[in-house]
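As written in TrEMBL, here are the features:
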type: BINDING; residues: ARG109, ASN294, ARG392; note: substrate binding site
type: BINDING; residues: CYS451; note: heme binding site
Amino acid sequence: MSLWLPVLLALLISALGGLYLLGAFRRRRPKEPPLDKGHIPWLGHALDFRSNSVEFLQKMQRKYGDIFTVLLGGYYFTFVMDPLSFGSIVKEAKSNFDFTHFAKQLVARVFGYHSLEDEHKVLETSNKHLMGDGLVIMTQAMMENLQNLMLHSIGTVKGQKEWQYDGLFHYSYNILFRAGYLALYGNETVRRMGSKEKAKEFDRVHSEELFNEFRKYDSLFPRLAYAVLSPKEKLEAERLKNLFWNMLSVEKTTQKDNVSRWIFDQQHFRQEQGMAEYMQDRYMFLLLWASQGNTGPASYWLLLFLMKHPEALKAVKEEVEKVLKETNQEVKPGGPLINLTRDMLMKTPILDSAVEETLRLNTAPVLIRGIMQDMDFKMADGREYTLRKGDRIAIFPYIAVQMDPEVHPEPHQFKYDRFLNPDGTKKADFYKNGKKVKYFTMPWGAGLSMCPGRFFATNELKQFVFLMLAYFDFELVNVEEDIPPIDQSRWGFGIMQPAHDIQFKYRLRF
Ligand code: HEM
């Protein structure tokens, strides 16, 4: 008996420990938000959340109101659904809400990248190259690469005025991905290729290969992030990661011309900190993902909305023509290619509004922070709650504000001028319960983790639409075809993708 007692005790303790870890003993404490653990131990509501986050969160919101805690795969997430209360989360000190710990775990799992201690500082230091003066250079690089991909056949037999057919999603994503990649990671050198034309051709072929592989990884991504890949898919994800680490390696990148300062600095800082080169290669892939996974799909939605709303297309086209005229540029057979500078892109309020509206309708990141200590949390209406150390606090702006009919009337409609005042200036006044909503749309996130590429991404989208309008006729093959539905598996990761493509045709205007 004396021998069995410790064994039984050990079994009992580990069983209780297991139940504790599965969340069986957690109860809502006074002043805590409503708690819903679901019926499956540890997983909680993870399956419902994964299969359709929007439906799940709307259901929870109807049941509990605008703050509640749910169990998702071993973690307790407190969702705040009141946009007027977002400021308290976004601006809270790092000592209370931390973004980096969660992000480090995710990138280790999804990209095999193990972060530096002061990882975020390195990123912040390099981000200046995506803003301000740095953006002038980036815009120019993007322009040259867009021209190489979209306009290289002008004046050739191949470039004559026949309709080309493609899936709109495939076409837009392909062009934006490849031009963005070349603008950031550099071009093939004339020295190696023998001539400028050959180097440009190499860029076109090589970026196409990269895009095709990227799309394979992209389609695995949501299930990879949720760690639910089948063994075969896991092998494929490993193959793809290795391929990208190799294609984007520091060794290869340093041989390129025109590598952006953003990429250069990121790599350089890591090298200085003594990071192993193979880990730097992994980081290069992480940056490719962050920088190229969203802009392409966004450009698809933007072009599609413009085609589906002739009044919007007309207004944007007139604006494009006006800007060209003001800079004495004209698209004409045999004439020089137009040069779109950052200054020109700052004179397009209508296009700006159309871009913002596109992002409002289709960008749906979940913003997450780790709760670092037991603390009080005050909602905008004065209600106070306590939050527990080790839980996570989350915002899903897509439902909480972007689709709120009080903030944005007829929220499912594309209104190209939603973000314009009657006098044509940018509109930033939106209200809920009579109060001004500061975070009225949040495609870029907010606070410390806000997207540093937002100015560059907006420029990329505008440059692409500008060139499409200036150089091409384009229309849907079947103008009656409905806008394809959204692929529900991607909620929470950024820009949504369509469940299937839609065919369109395009041809050079001369
Ligand atoms: C339409 C295009 C884009 C959208 C909608 C978008 C959206 C976002 C969002 C929502 C986040 C924050 C995620 C979070 O808080 O957890 C983010 C982060 C980030 N984005 Fe973007 N992004 C876009 C394009 C770009 C581009 C073009 C670049 C770079 C050139 C870029 C670089 C990054 C980086 C490096 C981060 C991580 C920031 C950090 O950890 O602090 N993004 N993006």
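Placement of Cβ uses the backbone N, Cα and C atoms for every residue, glycine included.
Just so you know, TrEMBL annotations are computer predictions that nobody has curated.
Between the C-alpha atoms of CYS451 (heme binding site) and ARG392 (substrate binding site), the distance comes to 20 Å.
Neighbour counts of Cβ atoms within 10 Å were compared for the binding-site residues ARG109, ARG392, and the top value is held by ARG392.
Figure note: comparing Cβ neighbours within 10 Å for the binding-site residues ASN294, CYS451, the maximum is reached by ASN294. Here the binding residues for substrate are ARG109, ASN294, ARG392. Their largest Cα to Cα distance works out to 25 Å.
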